[in-house]
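Q: The structure under discussion is supplied below as structure tokens; questions concerning it will follow.
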Amino acid sequence: MIQQTTLKLKCLEDDHKEQIDFVCYHQYCTGFRLNCFECFKKGIHQNHLDDVEKMNTLFYFIESKNQECDNLINNLNRCVETMNQSFSFLKRGIKNKYSLSKERVVQLDSCQINGYLNQITQLSEYKQSISTIIQEQIKKLTHQFDNLYEQLKLSSQNYYQIDNEEIKISEEFQKKGFKLFVDQKYYEALEQLDKSILINPKNQQSLYKKGQCLMFLNKCVDAITWLDKALIVNPKSVTSLCIKGQCLRLLNQYEDAITQLDKALIIDPKHVASLGEKGSCLKLLNKYADAIPWLDKALTIDPKYIVSLSEKGQCLMLLNKYENAIVWLDKALTIDPKHIGSLCIKGQCLRLMKKYDESIQFLNQGLCINGNHKFSLDCMGNCLYDQHKYQEALIYYERSLKIQPNDQQILNQKDLCLIKLQQS
């Protein structure tokens, strides 16, 4: 580890015997910035003495500039995420409006089909202009990026040269960070990982684990910044690609998430977490039947992978296959009887089968584990509403709205309860 007291540099002037003791931070200084006392007496930095400091300030200066650099990268990343969200919204809108499955067609009446035909016949009119506009903007943006790359001289030398001792110390901090992560102490883990990265900025495991910590702290945009750094060090890191896919899923960028997961699966087709994540993304895109084969692939490799067991149960529920769904949810609950997602989904299946008492039993189990589990609160309210217990249903809807006040569906359910109570 490079420490302040060990940084002893000899002056470049042959006849000067003293070590470098001064450093110049002036933005426009054209002289050599590191000087011994003899050099300093010659008045090399006479015009900007306020920007000359003792050598022991160098590490504080570098640390502040590292933070400045990271802040800039985070801001740039947020700009990219905003653009990605807009692009994903456009793609989803086109898909939802102009793409129609056979299953959906049979549910439409003649007027709806006529409206669809009126819209789809106009698609060709817009198709070329959409592609042209986007391609032109991408070309302009790429040109600007290239110019910035040249202006900043980003292809210049890398200053980092890490010795074996520093690598070893970095790995020690990394191990401490990993242990704290396992103990779900994410902020403490970040402190250790930051120390590891400060010593060795190319410690790929510390970089991706920092990204994972930030993801668990719901800081997915910041997490992606660090995962991208890990992928620069090792572009074929399946773990980094998978976690980046998870972050994008949590940002509701499901198609972009699948792109990252596909990259991971090209490298390792049997990576269980990536297979399961891809299934989850397809489920969130309402492609339930497409999601199940990917969840099955994960479960073939690891039959006890509880996330995929629960996700498969939810997909089957959304395909109205409630009894089959419960089979898979029971498998998940055999492994972990307190898996709140599986308890909630099983409760929802039982509600949809009109087995209200059993439904409430499983929903209550989930709420005993986490009284603020929103989906369980919503399901409990709906279960009570189905039984015409409007006053009791209101209690759970109110609890749900404290967590997410703008949930329009639950606001509507609350209004329906109030109307029913007025009518009674």
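From the backbone N, Cα and C atoms, a Cβ is placed for every residue, glycine too.
Just so you know, TrEMBL annotations are computer predictions that nobody has curated.
Dumping what TrEMBL says about this protein:
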REPEAT    238-271  repeat 'TPR'
REPEAT    306-339  repeat 'TPR'
REPEAT    374-407  repeat 'TPR'
Q: May I ask for the residues of the chain that lie six or more residues beyond the repeat 'TPR' (306-339) and have a Cβ under 8 Å from a Cβ within it?
A: 272, 275-276, 279-280, 283, 288-289, 291-292, 295-296, 298-299, 345-346, 348-350, 352-353, 369
Q: So, by DSSP, how many helix, strand and coil residues make up the repeat 'TPR' (306-339)?
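A: Going by DSSP assignments, the repeat 'TPR' (306-339) contains 27 helix, 0 strand, 7 coil.
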Q: By DSSP assignment, list the helix, strand and coil residue numbers for the repeat 'TPR' (374-407), in that order.
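A: Computed counts for the repeat 'TPR' (374-407) are 27 helix, 0 strand, 7 coil.
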